Protein chains: 2
Amino acid sequence: MSELLKGNAVIGQSGGPTAVINQSLVGVIEGLKGHPGVEKIYGAHHAVAGIVKGDFIELQDCTEDFLNKIANSPSSALGSSRDKPDAAYCKRIFEAFEKNNVRYFFYAGGNDSSDTCRIVNELAKEEGYELRCFHVPKTVDNDLVLNDHTPGFGSAAKFVAQAFMGDNLDNRSLPGIKINIIMGRHAGFLTAASILGRRENTDDGPHLVYVPEAPFDESKFIDDVEKVYKKFGRCLIAVSEGISDKDGTAIAAKLQENVETDAHGNVQLSGSGALGDLLSDLIKDKLGARTGEKLRVRADTFGYLQRSFVGCVSEVDQAEARQAGRRAAELALSGDLDGSIAIQRVSDDPYKVEFNRIELSDVAAKTQHLDTKYVVDGCNICDSFKKYLAPIVGELPEIATFTFDK
Amino acid sequence: MSELLKGNAVIGQSGGPTAVINQSLVGVIEGLKGHPGVEKIYGAHHAVAGIVKGDFIELQDCTEDFLNKIANSPSSALGSSRDKPDAAYCKRIFEAFEKNNVRYFFYAGGNDSSDTCRIVNELAKEEGYELRCFHVPKTVDNDLVLNDHTPGFGSAAKFVAQAFMGDNLDNRSLPGIKINIIMGRHAGFLTAASILGRRENTDDGPHLVYVPEAPFDESKFIDDVEKVYKKFGRCLIAVSEGISDKDGTAIAAKLQENVETDAHGNVQLSGSGALGDLLSDLIKDKLGARTGEKLRVRADTFGYLQRSFVGCVSEVDQAEARQAGRRAAELALSGDLDGSIAIQRVSDDPYKVEFNRIELSDVAAKTQHLDTKYVVDGCNICDSFKKYLAPIVGELPEIATFTFDK
């Protein structure tokens with residue numbers, strides 16, 4: 001075993017916040033605290049943006065009680081960043097590390113963040129500077145490869161499932177066509193979570209589910225809605241913000257005139273009700289013309305509530321996010337190791353996962369997609385998806401309603 | 001005391017569902033069950049629409065366990081209706097009552113529903129048909145006169161408060177300008193609830209709150225946002241869907257080209273992200289021109305989640321909704337009485353309310369507004385509103401975050 005690497009640690013939180021990213025932060029702190037190799041534990045204010053400015057907060061003296069409160073709070077307590085560092089930016093990160101004798105770097109985020117980790121790690125290697133880099137997985141989109149699922153997803157999925165359970169009853173009470181737009185640019189996991197509370201052999205919605213993995217066709221969409229509406233007199237629809245046509249063009253981008261893009265070149269999908277409203281208008285016009293009715297069509301876009309709502313968290317997700325952080329710290333301190341922590345499922349029943357180290361280059365900048373075996377006819381998710389999802393989300397509240405004769 | 005009035009009872013649930021309207025339904029059933037004056041307890045499928053069609057379900061034999069599950073489920077389990085009965089419609093309701101020997105009528109809803117109750121009651125009096133009519137209050141808007149607050153409001157307020165607690169941390173983590181649109185056509189209570197989780201002496205948002213009670217002026221809005229944005233580098237804004245200009249014209253109506261109206265002649269406000277997106281564009285254009293920045297502006301519309309989300313309910317609201325239903329049943333059975341149940345506050349500390357009978361004509365078709373003493377400079381809600389609101393919502397989760405030096 002190599003000599004003990006001594007120095008400071010930096011923790012950063014990147015990308016879109018989640019309900020449990022602070023669990024991972026606290027898990028890393030817990031794993032590092034009191035270790036002879038670790039002097040200061042720095043929290044980077046606004047992730048890489050804070051690192052290059054030397055904007056740090058010291059975390060090693062936080063009390064257990066305060067850390068638990070932080071862990072139970074949504075969003076990134078250290079502040080996040082949407083910066084996507086290029087080679088020059090990563091060089092500045094590395095220089096800040098050298099200057100501050102940082103020997104341990106933990107970065108919680110999605111696949112872009114693991115790529116930043118990888119580049120900084122390679123820079124350090126080139127310069128012969130010993131630096132342990134660990135990526136801690138985080139994304140409500142659940143789209144990291146080699147992971148059974150990612151911290152943050154379970155809680156967001158619980159929010160979506162509970163929202164649909166209630167909205168299904170709302171739609172049943174005042175029948176009409178209702179569209180709900182759900183986060184997920186490239187992966188449909190979160191949208192698919194809309195079916196979790198759907199009781200079998202009932203008229204429960206969502207009746208239609210559209211994910212980015214299945215090409216979206218406007219005229220098929222109208223046909224799908226018409227079929228359900230004729231059968232139930234209502235229709236509850238889950239739509240991923242990232243639905244795209246057969247050529248891979250996002251419907252949101254096709255329909256919007258003034259498309260805003262972010263630093264990653266991505267079209268703005270969240271923080272706007274445009275896609276829902278446009279699909280709503282489409283149904284009013286096209287289906288309305290067929291039925292001759294003035295249809296009651298409504299659209300809600302769940303937006304940022306999915307990732308930051310206080311008071312709707314999966315306990316499994318909380319515990320796993322904490323454990324992922326702790327495991328990253330343990331591995332970094334155990335020897336000359338770098339990598340990313342992957343949650344990998346060992347068994348469904350009883351539900352059991354392992355927290356395994358994978359190479360940064362194996363997860364960086366790659367996207368995991370929803371297995372299309374779960375997609376039915378391009379417009380629904382089959383109930384077998386629940387077997388995968390249920391243990392990650394945990395128990396849902398029990399609800400009931402009356403059945404009326406037709 | 002008059003001779004015991006014997007016959008059947010009808011319960012209906014009207015208007016927009018809430019998280020606790022089924023508590024009131026179950027409260028009425030509990031109050032009626034086993035009473036010698038009550039034969040069948042009918043639930044009207046889709047409210048008045050079901051009554052005139054004789055579309056009923058019998059409720060007197062439901063088990064306690066099943067009723068408790070119903071009570072804990074959001075939305076109107078009997079189905080609701082947006083019909084606003086005129087005199088002829090009310091006549092049909094009355095005729096259905098005569099035909100089915102209905103002697104007790106309970107109608108849970110807002111001020112339109114109490115008006116229906118009142119008209120049917122007067123018809124019965126004119127015809128010399130003995131009928132006890134009770135309105136059970138229900139509205140997330142909290143806009144019934146003579147009520148300290150209404151069942152449904154507390155749970156919706158809790159949802160809004162918890163959403164803002166999380167979104168404030170989200171906005172702090174990835175700074176920008178964020179608008180959240182909240183339900184409330186004429187009354188700003190629910191929008192004002194956005195401040196409940198705001199910790200004093202912090203940079204917590206919402207930083208700006210716009211309610212229908214204060215005239216909305218676009219250019220003042222931009223000035224308000226600019227001030228906050230300069231101070232905090234971010235701005236979290238709560239906007240009521242019903243904000244109107246000084247002439248009383250809804251901003252949503254002014255800005256939308258194709259305005260949809262419902263059976264009550266109301267402009268469609270919910271189920272669309274249009275108002276948020278338009279305010280968002282306004283800030284991007286007008287404030288962006290002033291600052292020369294490409295501003296990060298996002299808008300979420302909380303939509304139907306506010307009234308039907310499963311798993312975020314005020315326990316006080318649940319208990320009060322149940323009690324309001326039970327009280328209506330008790331009073332109807334106690335003698336020749338009609339009316340509406342009003343929740344009236346006796347004291348703040350300890351929090352204590354009474355469930356008093358008021359006349360149908362005193363509550364029917366009237367709107368309670370948020371007291372403008374709570375509105376600060378047309379763009380905020382003062383912290384004293386929390387004293388009124390907190391006991392209705394109950395405890396909020398405890399959250400924490402780090403403070404960085406400026």
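Cβ from N, Cα, C; glycine included.
Feature annotation from TrEMBL assigns active site, proton acceptor to A:Asp141. What TrEMBL records for A:Gly16 is diphosphate binding site. For A:Asn111, the entry in TrEMBL reads Mg(2+) binding site. The substrate binding site annotation in TrEMBL covers A:Thr139, A:Val140, A:Asp141, A:Met183, A:Gly184, A:Arg185, A:Glu241, A:Tyr304, A:Leu305, A:Gln306, A:Arg307. The domain 'Phosphofructokinase' annotation in TrEMBL covers A:10-331. The site 'Important for catalytic activity and substrate specificity' annotation in TrEMBL covers A:Asp112. What TrEMBL records for A:Lys138 is site 'Important for catalytic activity'.
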Inset, instruction - Give the sequence-ordered list of residues that share a chain with A:Gly184 (substrate binding site), lie 6 or more positions from it, and have CB atoms under 8 Å from its CB. - result: A:Asp141, A:Asp143, A:Leu190, A:Thr191, A:Val211, A:Pro212, A:Ser240, A:Glu241, A:Gly242
Legend entry - List of residues, in chain order, with Cβ under 8 A from that of A:Leu305 (substrate binding site) and at least 6 apart: A:Phe159
Inset, instruction - Would you mind listing, in sequence order, any of the recorded positions A:Thr139, A:Asp141, A:Gly184 that have a CB less than 8 A from a CB of chain B? - result: none
Legend entry - All-chain count of other Cβ atoms within 10 Å of A:Glu241 (substrate binding site): 26
Legend entry - Neighbour tally for A:Gly16 (diphosphate binding site), based on other Cβ positions within 10 Å of its Cβ: 25
Inset, instruction - Rank the recorded positions A:Lys138, A:Arg307 by the number of other Cβ atoms within 10 Å of each Cβ, and give the residue at the low end. - result: A:Arg307
Inset, instruction - Tally every other Cβ atom lying within 10 Å of the Cβ atom of A:Asp112 (site 'Important for catalytic activity and substrate specificity'). - result: 18
Legend entry - Spatial neighbours of A:Thr139 (substrate binding site) among the recorded positions A:Gly16, A:Asn111, A:Asp112 [C-alpha, 10 Å]: A:Gly16, A:Asn111
Inset, instruction - Could you state the whole-number distance in Å separating the C-alpha atoms of A:Lys138 (site 'Important for catalytic activity') and the residue listed as 'diphosphate binding site'? - result: 9
Inset, instruction - Sorry to bug you, but what's the C-alpha spacing from A:Arg307 (substrate binding site) to A:Asn111 (Mg(2+) binding site), rounded to the closest Å? - result: 17
Inset, instruction - Pop the mean pLDDT for the domain 'Phosphofructokinase' (A:10-331) in here, whole number is fine. - result: 94
Legend entry - Distance from A:Arg307 (substrate binding site) back to A:Gly16 (diphosphate binding site), taken between C-alpha atoms, in Å: 8
Inset, instruction - To the nearest whole angstrom, state the Cα distance for the pair A:Asp112 (site 'Important for catalytic activity and substrate specificity') and A:Arg307 (substrate binding site). - result: 18
Legend entry - Helix, strand or coil at A:Thr139 (substrate binding site) [DSSP, three-state]: coil
